[in-house]
């Protein structure tokens, strides 16, 4: 998947996910020649910021290979300075045109946050920090009248998209220039489908 533009990059990922869902992956960019070609430099087309859940392996569900995607993962795709720095590196140094926020159903971080708010079950240690970072998304969702877990999961994805634009000047500049786009997506564990939830910038669809 060559370095491209947001529209072409998003199409490549959609096509790859369609192959994965159909059980017909091509497993591209995984041969000896591809591996050798990446020893000196990388030119990924997309940066995927996703949840650390072991069931949500970005390269597999988008049917991509070595050097195709720059992947950043945290539990609940929560943002901190290291995450922003990693994504900005991909955007400013590697010139990646597309940022994908990848959430999923049955998200433990969202469920833990709901339990903390509703039942006072606040986790200990650094897990508490994850819950605290997801909490604003849940509160915004409740203010909007959301009630189902899947609605809160989508809300958290959309809020993450908004936060990336608001907190990173580099990302905001790329969006303003039309050289970058951000998509918010959720992955369905049962059928493997990636669903578009929101986007900023031109990705070739409404």
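Here the Cβ of each residue, glycine as well, is placed from N, Cα and C on the backbone.
Some features that Swiss-Prot has for this protein:
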BINDING   51, 53, 104, 107  Zn(2+) binding site
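The Zn(2+) site is set by 51, 53, 104, 107; from the centre of their CB atoms, other residues of the chain with a CB within 8 Å are 50, 52, 55, 56, 76, 77, 103, 105, 106, 108, 109, 153, 187. A 10 Å cutoff on Cβ-Cβ distances gives residue 104 (Zn(2+) binding site) a total of 23 other Cβ atoms nearby, all chains included. Around residue 107 (Zn(2+) binding site), the C-beta neighbours below 8 angstroms that are at least 6 residues distant in the chain are 51, 53, 76, 153, 156.
The Cβ of 53 has fewer other Cβ atoms within 10 Å than any other of the binding-site residues 51, 53.
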